[in-house]
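Visitor: Here it is, the structure, as structure tokens.
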Amino acid sequence: MTRMTPFYDPANPSSQAERRGAFRLLFLCLMATGIGNNMLFAILPPLARGLAVPEYWVGAIYTVSAVLFMTMTPIWGALSDRRGRKPFIVFGLSAFACSTLIFAGAAWAGESGWVPPLAAIFAMALARTLFGSLGSATNPAAQAYVADRTSPAERTEALAGMTAAFGMGAVIGPTLAATLVELVGVPIFMVIISATVAAGAVAVWFKLPEQSPPKQQSRPINPFKQFAFAADPRIAPFVGYGCVTWIVQSLSLSTLAFFIMDSLGLDEAEGLQMSAIALAAGAGALIVAQLVVIPAMKASARVLMAWGAVITIAGFGLMIIAPNYAGIVTAYILISFAFGLSRSGFVGGASIAVKPEEQGRVAGLTTATAGLGFIIGPVGGLFMYNQLGHLVPYYVAVVLSIIAAAIAWYHPGIRRAGEVVEVEPDP
């Protein structure tokens, strides 16, 4: 794990050793949620086919969660600016653990025939609703916690290291799913994930240092104003780029397993194994980008965003012409590596562009871009996949990535993000 050098914040007078320990604890918790979240991309398509449920129901599950995730993350981020980061990190982890437990029960009931397939799918959607509305508190609060404790020059790298935790979970999640689901089944595997995340919530509550006093503000938070903040010229180009990037990423995630099964003529069990390998390889590439390449590059947010978009175009181009499984996996590795650059670029750039007291708000908005991506990407991608042709989603992804590259290269607001001068903290 990349060392993230802490930044002295007089409002948070913990030692450097405490901050390093805090970052490691957050890293592990976010990795656990990454395992739980990303295993669904390997588990859900075969599970849906085993229940004889149409593919668009899978997209609907992703979308229900994503709508609430997009709606709530700016609110949780703004609340963390007022009430502190730790309470919302713990709250979000606890909600995630509960939602995973409900999902496990729904999967068991559906597989055992206790409820009709559609009833099981609705229960799974309910579980993801809980995650989207309440579990979404963790990411913006954790991201703002790190931003509070890093200087502008360090922040893109520091946030890249933290967001890589979710990516590492994405490596472990599909691999564990492919291995343990065969041994213990989907429900028990998800119970294990739920217990792990719950343990993380307890550890954060007792171990995470935070001495920031709550900010006394009597004015209630207006959800509409939180979204209006996205139009602020300082962060608007980063939010726009993030939305496009997440749409492309969610499109590839939601169609990959189906694309592998249909291209290679695999059944559900074989599809789970092969798609899990591809997802793990892609997530590994994302981690390399965030934990190895970005610290070595020392690049500005603009450079990361531009290169991320260009490499994404190359990845989807290869996906379109891939002749076999190796070609598909290689294409997905390129796409995931590029996403690691892109995501770190726009998250770090947006954080640098705002004031310290706005870190929670901007963290909520940049996190909400993932929600918007998963509203549009899975439903739109799977609709195009089934109705227009298996390659159509990837042609659309190329076009969107060209737009993202243009935003990164030509928008003056993003260009200024590369010109930030570090201000040394008071001793």
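Heads up, the Cβ atoms here are built off N, Cα and C, so glycines get one too.
Look at TrEMBL and you will find 21-44, 56-76, 88-108, 114-137, 158-178, 184-206, 238-260, 272-296, 303-322, 328-350, 362-385, 391-410 tagged as transmembrane segment. The feature domain 'Major facilitator superfamily (MFS) profile' is assigned by TrEMBL to 22-416.
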Visitor: Do any residues, 6 or more residues outside the transmembrane segment (362-385), come within under 8 Å Cβ-to-Cβ of it, and if so which ones?
Guide: 55-56, 58-60, 62-63, 65-71, 73-78, 80, 132, 136, 139-141, 143-144, 147, 226-227, 229-230, 235, 238-239, 242-243, 245-255, 258-259, 346-347, 350-351, 353-354, 392-393, 396
Visitor: List, by number or range, the same-chain residues at least 6 past the transmembrane segment (88-108) whose CB is under 8 A from its CB atoms?
Guide: 26, 29, 33, 36, 47, 76, 79-80, 114, 120-121, 123-124, 126-131, 133-142, 145, 185-191, 193-195, 197-198, 200-201, 204-205, 208
Visitor: Is the transmembrane segment (303-322) close to the transmembrane segment (21-44), in the sense of at least 3 CB pairs under 8 angstroms with a sequence gap of 6 or more?
Guide: no
Visitor: Is the transmembrane segment (158-178) in contact with the transmembrane segment (238-260), using three or more Cβ pairs under 8 angstroms as the rule and ignoring pairs under 6 apart in sequence?
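Guide: No, since the transmembrane segment (238-260) and the transmembrane segment (158-178) share fewer than 3 Cβ pairs closer than 8 Å, they do not count as touching.
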Visitor: Could you tell me what the rest of the chain brings near the transmembrane segment (391-410), counting residues at least six beyond its ends with Cβ under 8 Å?
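Guide: Same-chain residues near the transmembrane segment (391-410) but 6 or more away: 237, 240-241, 244-245, 247-248, 251-252, 255, 302, 305-306, 308-310, 312-313, 316-317, 319-320, 342, 345, 380-381, 384-385.
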Visitor: Give the one range among 56-76, 158-178, 303-322 whose Cβ atoms make the most pairs under 8 Å with those of the transmembrane segment (328-350).
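Guide: The stretch with the most close Cβ contacts to the transmembrane segment (328-350) is 303-322.
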Visitor: Could you pull the average pLDDT for the domain 'Major facilitator superfamily (MFS) profile' (22-416)?
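Guide: The predicted confidence over the domain 'Major facilitator superfamily (MFS) profile' (22-416), as a mean pLDDT, is 83.
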